[in-house]
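Copied over from Swiss-Prot, here are the features:
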type    : residues                                                       : note
BINDING : Gly170, Asp171, Arg172, Gln173, Thr174, Gly175, Lys176, Thr177 : ATP binding site
SITE    : Ser363                                                         : site 'Required for activity'
Amino acid sequence: MVTIRADEISNIIRERIEQYNREVKVVNTGTVLQVGDGIARIHGLDEVMAGELVEFEEGTIGIALNLESNNVGVVLMGDGLLIQEGSSVKATGRIAQIPVSEAYLGRVINALAKPIDGRGEISASEFRLIESAAPGIISRRSVYEPLQTGLIAIDSMIPIGRGQRELIIGDRQTGKTAVATDTILNQQGQNVICVYVAIGQKASSVAQVVTTLQERGAMEYTIVVAETADSPATLQYLAPYTGAALAEYFMYRERHTLIIYDDPSKQAQAYRQMSLLLRRPPGREAYPGDVFYLHSRLLERAAKLSSSLGEGSMTALPIVETQSGDVSAYIPTNVISITDGQIFLSADLFNSGIRPAINVGISVSRVGSAAQIKAMKQVAGKLKLELAQFAELEAFAQFASDLDKATQNQLARGQRLRELLKQSQSAPLTVEEQIMTIYTGTNGYLDSLEVGQVRKFLVELRTYLKTNKPQFQEIISSTKTFTEEAEALLKEAIQEQTDRFILQEQA
């Protein structure tokens with residue numbers, strides 16, 4: 001029989017008492033009164049803050065948006081199908097934040113920064129708030145470096161600078177996303193990180209964009225944030241802020257970033273849905289009163305940082321869809337007033353075969369030539385003027401039967417200039433190729449060709465220049481100026497190529 005020794009028992013009890021560590025936690029809790037349509041009403045949660053994350057019993061996370069006298073309105077980050085009336089909810093004391101790191105490059109994630117491409121978890125040790133304050137006035141500097149899109153019409157006449165916000169606006173199916181994806185493709189080798197945010201898009205459209213980027217090797221420097229049309233409204237509302245937080249992470253590390261929001265009007269619709277379900281008073285077009293602030297606080301985060309902060313930049317290209325060309329609707333006018341210019345895509349131009357269908361007459365960049373290299377300024381000034389005169393003459397020529405020779409020549413030149421602005425999708429041009437193309441058109445070297453031959457001639461000229469006169473590209477890229485030497489090389493190449501082209505056509 002084992003003898004029980006009293007001193008051993010007392011030692012064990014003493015050890016247990018010493019090891020006992022009772023943590024006292026104060027948890028702010030509440031009870032679910034009602035749940036449905038992605039909204040929950042909670043009784044209790046007296047200490048909760050606006051925008052604070054709350055956790056439901058079964059694990060769903062929500063954001064406290066409405067703080068009323070007798071209940072709290074919470075929007076759910078998920079379907080919330082397992083939440084029951086009477087179940088408990090606790091405040092977390094945190095506001096929405098996401099992990100950030102270099103490991104996100106090349107991945108497709110959702111609004112909570114969770115990977116959705118089936119390639120495993122993403123390791124990150126740092127966190128950023130989804131909604132952080134935009135840089136102040138002292139933290140910024142004016143935009144002065146170009147962000148090349150690879151599209152002649154934009155880079156020559158509506159230039160975009162690093163740190164600018166430029167709206168891409170137009171009807172559905174006019175090539176808005178194509179302009180944005182071409183811009184991403186053109187950043188290859190430019191040391192620019194790209195973030196593409198798809199809000200409420202069809203999953204097939206997002207898959208198509210991702211496939212294009214993968215095929216062209218652009219996913220290496222791109223992050224795709226996707227919340228498709230079947231996602232809860234809360235996640236569609238958060239997705240752009242998640243994208244902005246990821247872009248900011250790189251911007252504050254002295255890198256250049258480009259973020260594309262496709263499109264903020266879908267975000268506004270998701271926010272309208274949430275607001276109406278929370279019983280907030282509706283305003284114009286049933287949007288809540290703070291829908292302007294929804295977009296302004298997002299787009300103000302795009303900036304060119306001052307030299308003391310490392311001169312990083314975040315360029316934003318929001319895409320807004322209009323209904324039959326109506327730019328005076330609520331969301332388009334809001335975003336136009338927040339951004340530094342807009343690129344207007346016209347359905348009529350698109351249907352008449354002018355692609356990209358950019359209406360140069362009403363598109364504008366409020367940064368202007370500050371966002372162009374000197375060489376581009378030297379050749380592009382003439383282009384916009386000639387195209388504007390051509391548009392005016394073309395309208396007049398419809399009514400006039402007999403036109404003098406000078407007017408006929410001007411119309412012929414205008415048709416060829418319009419032709420050189422056409423580009424195939426996913427075929428952005430380098431700035432050197434653009435300068436060569438514009439110079440050829442504005443100096444009358446295309447006037448002797450038929451309109452239908454212009455594109456073929458330009459493609460062959462680019463190839464000829466690259467193989468036989470590589471010094472031209474070197475001069476432009478090193479000096480950023482269209483020097484006399486570069487002009488002489490270009491004239492020589494154009495002359496040689498014109499002779500070859502005429503012989504080919506005759507043969």
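From the backbone N, Cα and C atoms, a Cβ is placed for every residue, glycine too.
Arg172 (ATP binding site) has a Cβ environment of 10 other Cβ atoms inside 10 Å. Ser363 (site 'Required for activity') is 15 Å away from Asp171 (ATP binding site) when you measure Cα to Cα. In the three-state DSSP scheme, Gly170 (ATP binding site) falls into the strand class. Within 10 Å of its Cβ, the residue among the recorded positions Gln173, Thr174, Thr177, Ser363 with the fewest other Cβ atoms is Gln173. Within 10 Å of the C-beta atom of Asp171 (ATP binding site) sit 18 other C-beta atoms, taking all shown protein chains into account. Across the fold, the C-alpha of Gly170 (ATP binding site) and the C-alpha of Ser363 (site 'Required for activity') stand 11 Å from each other. Each of the binding-site residues Gly170, Gly175 was scored by the other Cβ atoms within 10 Å of its Cβ; the lowest score goes to Gly175. Neighbours of the ATP site: apart from Gly170, Asp171, Arg172, Gln173, Thr174, Gly175, Lys176, Thr177, residues of the same chain with C-beta atoms within 8 angstroms of the site's C-beta centroid are Glu321, Leu345, Ala347, Phe350, Ala357.
A simple way to gauge crowding: the CB of Lys176 (ATP binding site) has 25 other CB atoms within 10 angstroms, across all the protein chains here.
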